[in-house]
C-alpha cells in the first residue's frame, strides 16, 4: 500500500538542528527492505537503507535550526513544519501516519490548524512501528547526522552527539561555547544553560 509517514530526528539535543522527514512509498516494499526505527539500526545500516528509500520513494524533509526552535513551542513548531511538508505534496495519497510527540489527539489538532491539503491524518505514539514512519525516521536521522558533521567541520570541534547526556558534548560546551553558540539551543532545560553566560 502506498501512503505517507512522518518522523523527526533531533528533538532532544542541545547542539544542532532538528530534522523532520516525510516519506511516501510502498509499505510492503519497505518491510521487505528491512526498514525499522532508526534507533535500532547502525549508522551503516541507516545509510544503506537511506539510499534505497530515496531511490524508491518520494522523500521530503526540512532542517529546523536551533534559533527557530528557540522561538517556538517545540510541539507546535514540529506540527507546523509537518503540515508544510504535507502541503507541498502534489501526489494524491490516502493517508499519512505521523509519529506523535504528545497525546495523538492533541498533536493531530495542532497539525490540522496548518494543513491545507485534503488527506487523512493518523497520529500515533511509537509511530516507528509503521514502515513509512520508520523510513521517515531513517531519512531524518541520516540528514541530521550529516548536518552535525558539517558543524564539526565548520567549527573544528568534535562535540560528540550534541545531546546533553554525552560527556563530550558537555565538555565542548564548557570549553568552546563562543564558537558553538550559533548552533546551541538556548532554551534547552539543561543546567549548563544557566552557566552559558560564564563563557561569553
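Backbone N, Cα and C define each Cβ position, glycine as well.
The record from Swiss-Prot ties 7, 8 to divalent metal cation, and of the options 37, 70, 91, 99 it ties 99 to that site too. Neighbour counts were taken as the number of other C-beta atoms within 10 angstroms of each residue's C-beta; across the binding-site residues 8, 99, the minimum falls on 8. When other Cβ atoms within 10 Å of the Cβ of residue 7 (divalent metal cation binding site) are tallied across all protein chains shown, the result is 28. Using the Cβ center of 7, 8, 99 for divalent metal cation, the list of other same-chain residues with Cβ within 8 Å runs, in sequence order, 6, 9, 20, 21, 98, 101, 127, 128, 133, 136, 137, 140.
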